[in-house]
Structures are given as C-alpha cells and as structure tokens.
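Single-structure report; data block below.
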Amino acid sequence: MALKDLPAQAQPREKLAARGPSALSDIELLAIVLRTGMAGKGVLQLAQELLQLPGRAGLSGLLQAGHADLKAIKGLGPSKCAQLLAVLELARRAMAEQLRERPALASPEAVARYLQLHLAARQHEVFAVLFLDGQHRLIALEEMFRGTLTRTSVYPREVVLRALHHHAGAVILAHNHPSGQVQASAADKAVTQNLQAALRLVDIQVLDHVIVAPGASLSMAGQGML
C-alpha cells in the first residue's frame with residue numbers, strides 16, 4: 001500500500017509522534033529517513049528494497065552497505081544516498097563509542113552487536129580482532145584473515161604483531177559463520193588455543209572469542225570454552 005493511502009494515524013511520522021520510535025517497523029523508520037519515493041515506487045517500497053540488498057539483507061546488512069550498494073537501488077539519488085550513508089556511519093560510530101568509553105566485558109551484548117554489525121552479513125568467513133587497552137576499552141577492530149578458519153589460515157605471529165602495534169593489553173577474537181550456525185567447531189577451539197598461547201608470551205590476554213551470524217552470536221568465554 002502506498003503511503004498516501006494509509007490512514008493518517010498509521011503513517012510513519014504520525015505513528016512515531018503518537019507512540020514513539022519503538023512502535024515502528026524497520027521499514028517505517030527507514031521511510032521517515034528517506035521521506036519520499038519516486039514515480040511508480042513509494043517510499044515504503046524503497047525502504048523495503050534497502051532491507052533486501054543482495055547479500056546484505058536486513059538492518060545488519062544495510063549497516064555494512066557502501067555507496068555502490070545504495071546507488072544500485074532505483075530511486076536513490078545522490079542526495080538520498082549521502083543522507084543514508086551519513087546515518088549509517090553515525091550508527092557505526094555510536095556502537096564503537098560505547099566500547100571505547102567503558103570496558104568491553106561490562107557489556108558483552110554491546111560487543112556482540114558491534115561484531116554483528118561488522119561481520120554477520122558477510123558471505124565469506126572473516127576473522128577479526130578487537131584490540132583493547134589495559135582497561136579493556138576498544139582501541140581498534142581489524143580484519144586479519146579471510147577464508148575457512150583453520151590452524152594454518154590464522155597466523156598467531158601476525159595477531160601478536162598487531163597487538164603490540166596497538167599496545168593492547170587484551171584482545172577479543174571474532175569471526176562469522178556465513179552458514180548462520182554459531183556453534184564453535186573443533187577448528188575454532190584449536191585456533192583460539194593457539195592464539196592464547198602466542199599472546200600469553202607477550203602478556204596479552206584473550207578475553208573471548210565471539211562467533212556471529214545474522215541474528216545470532218556465541219561467546220566462547222560465556223560457554224566456558226576459554
């Protein structure tokens with residue numbers, strides 16, 4: 001249904017004013033940001049297409065979208081693209097700010113959300129490391145390796161060198177499972193143990209290894225696997 005055909009109280013802006021933003025769907029919130037559609041494509045349809053980007057479905061996928069992804073959507077001109085990219089970047093910065101201002105372990109949920117934002121929608125496996133200071137606040141997130149996780153695909157020396165470069169006091173390991181399943185495999189456990197041993201030599205603690213997928217995450221520390 002086109003936006004103009006909805007009853008006034010059901011239109012996104014009026015609904016938000018009356019009931020608050022949490023009462024709106026993702027599509028409705030996006031429609032407010034976009035404001036208008038185009039001839040033959042209403043703003044609600046445009047918002048729906050943004051949540052169905054090829055290989056980047058849902059909000060987590062949209063948060064990883066770049067300029068080229070948005071340009072491919074018919075009806076998104078330069079102005080709307082710039083507006084959306086600015087909103088998405090602000091969302092990413094807000095999540096990173098939470099981890100920089102307080103210890104990561106004080107909010108494991110924030111860590112999981114942050115990692116899902118960066119990794120969950122990837123179609124290939126990515127291994128990343130959160131480098132933390134002595135108070136366990138975020139210094140940086142770096143993607144280290146791509147491909148199926150095995151002992152031979154993750155080089156402990158490279159992780160140690162990057163940790164020393166950042167003067168990290170601790171790290172959180174992370175990778176995604178494109179399959180959508182977040183169970184830790186034998187390879188995941190072996191890689192974690194190898195990195196723990198290597199980082200222990202330079203007095204850097206591995207606080208956790210988080211596995212993420214769209215809508216799901218697993219903390220190996222939380223499961224008693226570290």
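For all residues, glycine too, the Cβ spot is worked out from N, Cα and C.
Taken from Swiss-Prot as is:
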| type | residues | note |
| --- | --- | --- |
| BINDING | HIS175, HIS177, ASP188 | Zn(2+) binding site |
| DOMAIN | 104-226 | domain 'MPN' |
| MOTIF | 175-188 | motif 'JAMM motif' |
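Of all Cβ atoms in the shown protein chains, 23 besides its own fall within 10 Å of the Cβ of HIS177 (Zn(2+) binding site).
Annotation for the binding-site residues HIS175, ASP188: lowest Cβ count within 10 Å of the residue's own Cβ, ASP188. ASP188 (Zn(2+) binding site) falls within a helical segment according to DSSP. Across the motif 'JAMM motif' (175-188), mean pLDDT in this model comes to 89. A strand conformation is recorded for HIS175 (Zn(2+) binding site) in the three-state DSSP classification.
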